[in-house]
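Residues annotated as domain 'Sodium/calcium exchanger membrane region' in TrEMBL: 101-256, 294-436. Annotation source TrEMBL lists transmembrane segment at 79-95, 101-119, 131-153, 165-188, 200-223, 235-254, 295-313, 325-342, 362-385, 391-412, 419-438.
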Amino acid sequence: MDYKLQVVGVQPHLQMGSLHDQPIHEFDDHALFPLETDGQKTQSLNVVELSTTFAVGGSKILKNGLYRSIKTVVFSNKLNLLMPFGPLAILVHKFTGHNGWVFFLCLLGITPLAERLGYATEQLAFYTGPTVGGLLNATFGNATELIISIYALKNGMTRVVQLSLLGSILSNMLLVLGCAFLCGGLVFHGKEQVFDKATAVVNAGLLLMAVMGLLFPAVLHYTRTEVHFGKSELALSRFSSCIMLVAYVTYLVFQLKRQRDIYVHINEEVSENGENVDNDDNNDEAPEISKWESVIWLAIMTAWISILSEYLVDAIEGASDAYDIPIAFISVILLPIVGNAAEHASAIMFAMKDKLDISLGVAIGSSTQISMFGIPVSVVIGWMMGREMDLNFQLFETATLFITVIVVAFFLQEGTSNYFKGLMLILCYLIVAASFFVHEDPPSPDDSQPGT
């Protein structure tokens, strides 16, 4: 009995002893390795689950961001209901070839794209600062007119380029500004709205400088006082265009520095008085889309406008023949409607909110951009393309621009506006439109050149 107990008591010790006698690596191979493998499997499963979760979450974030961006840019404006007319114009061109329908469908399709292009430019300007933002507005603010001009120059239609740019200036100064004054005056009929007269005078001076740049080549041509007939006029136009571009860049720097000084002065007054800046104004100035979204949408809108502009330019002559409308009327009156739709709506909206300085900046500022930037750039681009694009807009067109600038400068000299001034500007635009409807544009030898 005691022996059995002793034997039984010894066996555990022997077994334990035999266990301790095993090599340490053998113990690790048989005991710890399986445990480590299970841990690695658990860890790898956790990594897979986390990566799957991040992938699903990332895709959801991407989808939500894409949906939000499309909703903000495409579905937030009722004017975008006209976007389907662009693809419809291409289909009509492919299957029917009716240039009249193609032209007007392209007009309708480009109108919302031009407005969204301006919107994307404004959103991108929030992230670039005032200097780069000013250059972006100068470049893309009238990108639709420039794109149409480039395709017209490519097809050798220099008169269409001249007339369409001239029409944009006339439309902004008379129709857009007139509607802004009229609507603002009707909303605030009990008082006269006030705007910054100094800024208006500077813009009027730039417009007069643009008139001077257009007037001298025309006078040189019609007085036949060129040193080298047919060459001096073109050389003067190219030189004047470079000077106008330098003047416009200097104007941008001046405006940006002046605005920065104004903001610094306002901030100093606010800090001295202990007042807080209105949060509502800050919220109004917050960007609605990110920087890269702005860049992507800017590229998409520019590409789509370029495609439709090619169809639009190709259909101009066919539309003129189909509807018996002079090309001068199409170029001066109808084409600017495309590029000025955004300016028209925003100028009226700000005038009805008693923010007339912004309305004036939209209307007169856009005219200044086209006259001091768009026209000279078109001359330089035509120079690079081998086209004889000059600043001789003919006597009728140059006289129309000169009289328009004088009339608008006269209305702006007091620094106030009312509905009567707006109505007068609109009536002046109707006179201009009727004049171009009965005006027969002289044939240009460059228009007969085939497109390259």
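Positions of Cβ are set from backbone N, Cα and C atoms, glycine also.
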Legend entry - Contact between the transmembrane segment (295-313) and the transmembrane segment (391-412) (at least 3 Cβ pairs under 8 Å, separation 6+): no
Legend entry - When counting Cβ pairs under 8 Å to the transmembrane segment (165-188), the leader among 79-95, 325-342, 362-385, 391-412, 419-438: 419-438
Legend entry - Beyond the flanks of the transmembrane segment (200-223) by 6 or more, those residues with Cβ under 8 Å of it: 169, 173, 232-233, 236-237, 240-241, 243-244, 247-248, 251, 360, 364-365, 367-368, 371-372, 375-376, 390-395, 398, 401-402, 405, 408-409, 412-413, 415
Inset, instruction - Quickly jot the same-chain residues contacting the transmembrane segment (101-119) by Cβ under 8 Å, restricted to those at least six beyond its ends, or write none. - result: 73-74, 77, 79-89, 92-93, 140-141, 143-144, 297-298, 301-302, 304-305, 308-309, 311-312, 314-316, 318-319, 330, 334-335, 337-339, 341-343, 345
Legend entry - Secondary structure content, the domain 'Sodium/calcium exchanger membrane region' (294-436) (per DSSP, counts of residues): 121 helix, 2 strand, 20 coil
